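Note sheet for the following structure.
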Amino acid sequence: MKSFVTACCLSFLLGLVAVVESDEDYTEDEEMILSLILQDDTQPEAESRPSAQFYRCTKDAWRMPGQYIVVMRKGTHVNQVERTVRRLRAKAAKHGYLIEILQTYSGAFHGFLVKMSSDVLHMAVKLPHVEYIEEDSSIFAQSIPWNLQRILQNKHETGKYSPPNDGAKVGVYLLDTSVQVTHREIEERVMVTDFNSVPEEDGVRVHRQASQCDSHGTHISGVVSGRDSGVARGASVNSVRVLNCQGKGTVSGALAGLEYIQSSLMSQPIRPVILLLPFVGGFSHTLNAACRKMVESGAVLIAAAGNYNDDACLYSPASESEVITVGAVNFADQPLSAGTTGTNVGRCVDVFAPGDDIISASSDCSTCFTTKSGTSQAAAHVAGIAAVLLNLNPNSSSAELLQQLLYYSVKQVINSESLPLNHRLTTPNMVVALPDPASTLTGEDLLCRSVWSEMSAAKGLATATARCRHSEEMLSCSSVSQNGARAGERVEERDGQKECVAVNGNGGQGVFAVARCCTGHKAQCQMSESPKRGEDAECPPDHQLTGCSSFSSSGDTSDSGRPLHGSRRACPANRGVTSYASCCHTSSLECQLKEHDSTGLSEQVEVSCEDSWTLTGCQGLSRGSVIRGAFAFGNTCVVHTSGGEKGAVALATCCRHRSLHQPSDN
């Protein structure tokens, strides 16, 4: 190709020579061009002058090789700029190169922008009147994308994204489409594995461009660890291809991908490790079980909730309780919705994250960016924040990590009216955020969350069951019904795990069970049951009471009395009612009761634990109003009532680990 260009250039110049030689009145410029053509390269130029300086961007990823800004010396005139351009063109052509002038400058300085081979640089820096040459480079707007600004808690440094760390100690496996690893955002940050299990594309007979196949995976990789658009910019990403160019895969392919990762981790252990699953399929027992096994082996799995405006529990892997399932919100912190599509919601969603108009790497070119929306993007944000948290506490389990994500999240920002009526209670009103740099939270702090069941059938004594993760401890159990007709709740044990079982009452319209699931308790916990109906459930000596439950086998409302937290720790039982006391033993644990009376005709009563205390139990005490149920949200105990003048009392059991220098409040 170069020889062809050389021949063409020489032919043009020889023609020019012929014209020049036939015209005795040729110009000074033409004399210069003619002398350059006829000049013997073995002889030095008549005028020996120092070379101009050459500069390039200090950020290699931002450089634009092949495009150069030529700056002329002060006092240079326009005609001298034009003469320099012609001289450079002639010198380049003589050596077989073409140049293209893209722009000339005559304001702040005199010069020009030239597109040429770097091989021509040594000629350009020797041109007369040239002060210096600078290689062109990229520049970027410095306002933080809204999604990165949203997850920052330390917002006093506007215009700067500064997480507590870059997640460099954490490895991420991304199960997605292929990835364009040469993109400047993710270059040297993403490794493509040799795994590839994707189905044939639907209705496609021609080969797609690589950029179309890399689109989704490249964008998601950029959100996780991109240089400028990433959440955890030091985390390493391993690409495992389970989706084809249409973004479609199979359950069997995803299973094979998980098996490949498990085998890789056995041969080359990475800890901590995150598996990012930015896809959904229909409910699959097999896929959920495989994900559960990966969590049991020590991995953290984070999945997209799905974009179907539906219940996330109907999809996999979003429905697996051991997976951290992520819904999407927009700029206004409201559930993502676009026409007929939108984020999935419900009790299987653990937390929400930014997922609308997220800017990240585009596979169209190595420096291109684009915006995409969906729960895949939201899940990628949580994977990045998880990497930051695991970098701080690398020994955290998946359950402990989820508790930390919820602890740092921004609460009560989603307008519940925007959620489907049947999911308003069970959908978590939390949007993820990075930890505050001043936070002293460690992986051993007592943290709790509420886990909701699906609603029971409306028939009498129908049950609903809520379970904690395997590495969580259930510290209390409560129930909520639509009309207050509930028989209460009982705590059962199955396969070595506690279950919170809520029972629908006579005339009830269905009931939810709400388990209070905790990590960092560092205690031996047990459930004590009333010896007989109507008798109190007492904790053994040296045990703290973390929560109370009660159940009426007759199907009548079964709320019990105020928990006892003095020298005798117990859950009182009304006549015909069985009480359950959650009791934990450790020398550092202390618990206390907080309560708040309703005023006026309020149908909701709340009481919160103080800072440094964690809500472990929540129940309501009727003053005459019907108690529809009680549940914990964050560190607040919420009691729903039928209203009325007599009202109700919200009772919160608050616990903490007492430090060595902290006196007991009891």
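Every residue, even glycine, has its Cβ placed from backbone N, Cα and C.
Those TrEMBL annotations? Automatic predictions, nothing curated.
Marked as active site, charge relay system by TrEMBL: Asp176, His216, Ser376.
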| query | Which number gives the other C-beta atoms within 10 angstroms of the C-beta of His216 (active site, charge relay system), all protein chains shown included? | reply | 24
| remark: As a whole number of Å, the Cα atom of Ser376 (active site, charge relay system) is distant from the Cα atom of Asp176 (active site, charge relay system) by 10
| field | Sequence-distant neighbours of Asp176 (active site, charge relay system) in its chain (C-beta under 8 A, six or more apart) | value | His216, Gly217, Ile220, Ser221, Ser239, Val240, Arg241, Val242, Leu243, Leu276, Pro278, Phe279
| request: Measure from the Cβ of Ser376 (active site, charge relay system) and count the other Cβ atoms within 10 Å, all protein chains considered. | output: 29
